[in-house]
């Protein structure tokens, strides 16, 4: 029965993903925040990472052969990363385009599945290699048994904060294609440390230096901000006084921001440990609620004092807020489904929970709409998508 709550959590997460994917274009609260702050859509990715961590704690309760487990986890992560390259690297050209293929020199290297692959691999390795043999009879014992995993999460967080707030960001340039074959060059003036704005943050700079600006996501989320769109929070024409960085590529699943995604997965791992080591419902729920409320309090305190919640940067306050919310939701679903047996609302979506990744690939990556679009009558516009209202 302990797996029921995990599947139920995945079911509601998938449902939320589908809702925000379809409703985000006309409901601002269902779309990603243009920069600072969080909306409902900004909880989908952390919820996915959180439940991956929970599942890893259950999958690796016992590891008889650590080297074999490491090999299998590495292969799974590599497969997921490669699938992400194909699905989100630009190979498919859009819902309304029947063409495909991508220039390797321009392929997007990072993406949602790539981020999940990185977080999965690091968390799996922590679970395989970094756990003690101490008996667990209390929350303190749990911390002692998994102290090296907690230390790893702390070191990752400290490294992220040092890089985000301590890295010097110089001035930089980028080019975009203009009318015909002309190119327009923009210069972004920075010369700062610790900036968390769209143009001069260390997250973007590290991606530009390591991955190359040509391999970043070309439709940045900040293009919908008030500084960059007269129709904000939707996309729109640039204001006359728009900053020079408004059209610059920026990857919301970049390298440094994915570092904190690992922490979200590690937090989920600790929640899974509670299922493994505590058998009474009350003990499990209390050990979930206390850290969840603690993370939320700390997240809002950090936001109040200037370390704002920001999904594109995956800030520490954002990590704590989304993980704390995921913990509360997980505890609530466990109480309803496992404790009181209210399975009826989840039975209809049980298949969705067990095939969450496949549904994400089919719907969120537009694979299913593109497949349906490939069958038309007379001309490409006359297809099923036209009648159900899906747009490119």
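Cβ atoms here come from the backbone N, Cα and C positions, even for glycine.
Residues or ranges marked as transmembrane segment in TrEMBL: 43-61 (among others).
Annotation source TrEMBL lists transmembrane segment at 73-92 (among others).
Per TrEMBL, transmembrane segment is recorded for 112-130 (among others).
Per TrEMBL, the feature transmembrane segment maps to 150-168 (among others).
Summarising the annotation, TrEMBL assigns transmembrane segment to 255-276 (among others). Outside the transmembrane segment (255-276) by six or more residues, the chain places 2, 45-46, 49-58, 61, 110, 114-115, 118-120, 122-123, 126-127, 142, 145-146, 149-150, 152-153, 156-157, 159-160, 163-164, 202-203, 206-207, 210-211, 284, 287-288, 291, 295, 312-316, 318-319, 322-323, 326-327, 330 with a CB less than 8 A from a CB of the stretch.
Among the features that TrEMBL reports, transmembrane segment is placed at 288-307 (among others). With a cut-off of 8 Å between Cβ atoms, the residues of this chain six or more beyond the transmembrane segment (288-307) that come close are 139, 267, 270-271, 274, 315-321, 323-325, 327-328, 330-331, 334.
Marked as transmembrane segment by TrEMBL: 313-337 (among others). Among residues of the same chain six or more beyond the transmembrane segment (313-337), those with a C-beta under 8 A of the stretch's C-beta atoms are 4-5, 8-9, 12, 38, 42-43, 46-47, 50-51, 54, 157, 160-161, 164, 196, 201, 203, 257-261, 263-264, 267-268, 271, 281, 284-285, 288-289, 291-296, 298-300, 302-303, 307, 343, 346.
Taken from TrEMBL, the feature transmembrane segment covers 357-377 (among others).
Same-chain residues lying 6+ beyond the ends of the transmembrane segment (150-168) with a Cβ under 8 Å from its Cβ atoms: 126, 130, 143, 191-194, 196, 201-203, 205-206, 256, 259-260, 262-263, 266-267, 270, 313, 315-316, 319.
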